[in-house]
């Protein structure tokens, strides 16, 4: 029942808003000017011609082709090369992501039930709707971008890992890479932690078997102590039924970038990690920035003053190095005033030369809060590998794009403690207000550039 409620709720707003967006912005916009023509080539049967400006694999076009063929089986059955091309309009191609948004909502619902066995279906339903409202994810539901489908594939891979359906999970892992190359990192993340859990489960089964054959309780206690030593204080071992299981990984030299465009040159952008920490904590405000949360973290630090002080000084030092030496102002970020990141960079980070340093304590606090929250349900290895995976995804990216943060942010939500309905409602209201604001700005505040023809619009 929960799945149906989530699907119905997402479809209830996604379908009419998608139609509204299509009526106001019928032509491809921004990156759609590359994606839509490429998909239309696939629709007419041309699978060999490739736009060199596109830096992502063709997964989105494959799924759109299958979607259009399913909607119009007669046109597909004719086997005429041009039969599907007139049907692949921008509006129909965009609707691919409406379907994917519904799928994402259902997957989040099912993942919550797997990760948090104690959560009620009603609560999981509310959480799933909340994730569907997350502003960046919500906005790109209505445009022909790869982000929503990419998230759906990663969530499916995660879900089937938890269900121990290894081959299905591996299949979705491969599919996820067809949407976004960096999803290979998330595939390895799930596989690595799944392998550890798989081995632990095997060892546990062996010890239980030996115990039944006369192994002493003392030996079991020693084994348990050794296992617990692998877990840092505050980072408790997760329960067996919440573990990520083993899956196979496609090996090989998968390239994380299929096109060597100057705009996407790999760069050591370590400040991206700091931005993600602050953005994700702000997006999950009830978990990280409440008076009680702040006091809890300070109380935790006072319990081990020496370690906390050393960790804090190290984090502040590394953050200073990242901000001072590895903060990249991409030309697009400085020049493209269609994106909100342009204004955040200009009005906040560049408001004063000291501003980027003033934000360092907030970066450090955000990451300390994230690590502490994840440590309440996951092992130290899981938390460290999550941070490492986020770094592998974000650090090579020279351009600051909130779209890049969506997958790790959703993983963070899924592994955060359950909060009360009042906080969920408040956060959902904030998300909805941001959604309506960004939609109104996109549709009703167009502007023009003197140096380039066409209508420009504000977007994430």
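Backbone N, Cα and C atoms are what each Cβ position is placed from, and that goes for glycine too.
Just so it is clear, the model here is predicted, and its values are computed rather than measured.
Counting residues 6+ beyond its ends, the signal peptide (1-19) has Cβ neighbours under 8 Å at 91, 94-95, 98, 101-102, 105-106, 108-110, 121-122, 124-125, 128-129, 132, 141-142, 439 in the same chain. TrEMBL lists 1-19 with the feature signal peptide.
The transmembrane segment annotation in TrEMBL covers 59-77 (among others). Long-range contacts of the transmembrane segment (59-77) within the same chain: residues 35, 38-39, 42-43, 83-84, 87-88, 92-93, 95-96, 99-100, 144, 146, 149-150, 153, 175-179, each at least 6 residues beyond the stretch ends and with a Cβ under 8 Å from a Cβ of the stretch.
Residues or ranges marked as transmembrane segment by TrEMBL: 98-119 (among others).
Residues or ranges marked as transmembrane segment by TrEMBL: 125-145 (among others).
Residues or ranges marked as transmembrane segment by TrEMBL: 166-192 (among others).
TrEMBL lists 270-289 (among others) with the feature transmembrane segment.
What TrEMBL lists as transmembrane segment is 309-333 (among others).
Summarising the annotation, TrEMBL assigns transmembrane segment to 353-374 (among others).
Long-range contacts of the transmembrane segment (381-404) within its own chain (CB-CB distance under 8 A, at least 6 residues past either end) are made by residues 136, 140, 145, 147, 182, 185-186, 188-189, 192-193, 196, 230, 235, 238, 244, 256, 263-270, 272-273, 275-276, 279, 328, 330, 332-333, 340-341, 345, 371, 374-375, 411, 460. The transmembrane segment feature in TrEMBL is assigned to 381-404 (among others).
Feature annotation from TrEMBL assigns transmembrane segment to 424-444 (among others). Long-range neighbours of the transmembrane segment (424-444) within the same chain, counting only residues 6 or more positions beyond its ends whose Cβ lies under 8 Å from a Cβ of the stretch, are 17, 20-21, 24-25, 126-127, 129-130, 133-135, 138-139, 284-286, 340, 457-460.
Counting residues 6+ beyond its ends, the transmembrane segment (353-374) has Cβ neighbours under 8 Å at 234-235, 273-275, 277-278, 280-282, 287-288, 293, 297, 300, 312, 315-316, 319-320, 323-324, 327, 382-383, 386-387, 412, 415-417 in the same chain. With a threshold of 8 Å between CB atoms, the same-chain residues lying at least 6 positions outside the transmembrane segment (270-289) that come near it are 134, 319, 321-323, 326-328, 359-360, 362-363, 365-367, 369-370, 373, 390-391, 394-395, 397, 400, 402, 404-405, 408-409, 412-413, 416-417, 419, 423-424, 426-427, 430. With a cut-off of 8 Å between Cβ atoms, the residues of this chain six or more beyond the transmembrane segment (125-145) that come close are 2, 5-6, 9-10, 14, 17-18, 21, 28-32, 35-36, 39, 60, 90, 93-94, 96-98, 100-101, 104-106, 108-109, 112, 119, 151, 283, 402-403, 405-406, 409-410, 413, 421, 424, 427-428, 431-432, 434-435, 438-439, 442, 459-460.
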